[in-house]
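Peer 1: Submitted below is the structure of interest, expressed as structure tokens.
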Amino acid sequence: MSYFKTALLLAGLTALFMGVGYLIGGANGALIALVVAAAMNIFTYWNSDRMVLSMYGAQEVDERSAPDLYRMVAELAGRASLPMPRVFIMDNPQPNAFATGRNPENAAVAVTTGLMNQLSREELAGVVAHELAHIKNHDTLLMTITATIAGAISMVAQFGMFFGGNRENNNGPGLIGSLALMILAPLGAMLVQMAISRTREYAADEMGARICGQPMWLASALGRIEAAAHQVPNYDAERSPATAHMFIINPLSGQGMDNLFATHPSTDNRVAALQRLAAEIGGSSYRPASTFSRGAGTAASSGTPRGTGRSPWGGQPRGRGPWG
């Protein structure tokens, strides 16, 4: 189904791209836009993950450069029966994360330095498990392609405003076309974000909670990231708002309630769903990360059997953060 949705979305974005081309250059502009869109669709399918990671200055790490994070991702990927994804770190103070890649065999998980510094080990595991769930559900292809193509449409629309519309007829249609560009660019980006079903976040929350075995780890992380999104700006995301739907929490602003134009479900609703899941499958009770004991030990065995209700580190949350 993900590939079918991707095809429909690409067709819609191509049509929008052609419309923008027509407004700029008439029939010839639409034809050029069609050719460019076809080439861009092919290029995006194979390269969009690298483009998004580069956009955020993400640096790939391995077991030597980031051993704790790398081993955590490896263990959770094993529990999810996924190939080991590439691991990236973004130098950004806002705690957040996203996954990208056209399929599980070519996937990547990217986390910010803010996420690593501000979350406990347990919360970080919940976030990583959520991103792995997106990979397992093949959401990453749709998220990455829509982000890159929506960004391209916005750039073309901005160029059109500078260019001045269809100069073959400046007596009215050119001006109207320019005004239409002002409306279509943000509207197109909004429609792209709306096209990514918000229900996938609930599905990734549930699957991620089952992967790590502790729904409340993710619930605590969501609350902390949501609060930080109001206080710590993500300037890279502000420059590329079409990528906002890729993150676990909207990096632009917190969403107080579900609404037609939201890129993410309400965090309160997501936490409530995770609380219900915790009551169903078991796991630790909810405690905000600020109450965790800083003197507790770090991770124990990685040989915990798979299954619901048990964490990969022995069942009970440990207070020490993942980075000492």
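Any Cβ shown, glycine's included, is placed from N, Cα and C.
Found this in Swiss-Prot, in case it helps:
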BINDING   His130, His134, Glu201  Zn(2+) binding site
COMPBIAS  288-305  compositional bias 'Polar residues'
REGION    288-324  region 'Disordered'
TRANSMEM  7-24  transmembrane segment
TRANSMEM  29-46  transmembrane segment
TRANSMEM  145-165  transmembrane segment
TRANSMEM  172-192  transmembrane segment
Peer 1: Within 8 Å of the Cβ centroid of the Zn(2+) site residues His130, His134, Glu201, which other residues of the same chain have their Cβ?
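Peer 2: Once His130, His134, Glu201 are set aside, the remaining close residues are Ala99, Glu131, Ala133, Asp139, Arg200, Ala203, Ala204, Asp205, Met207, Gly208, Ile248.
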Peer 1: Translate the DSSP assignment of His134 (Zn(2+) binding site) into the three-state scheme.
Peer 2: helix
Peer 1: Same-chain residues six or more away whose CB lies under 8 A from the CB of His130 (Zn(2+) binding site)?
Peer 2: Ala97, Ala204, Asp205, Gly208, Leu218, Ile248
Peer 1: If you draw a 10 Å sphere around the Cβ of Glu201 (Zn(2+) binding site), how many other Cβ atoms fall inside it, taking every protein chain shown into account?
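Peer 2: Its Cβ shell of radius 10 Å holds 25 other Cβ atoms.
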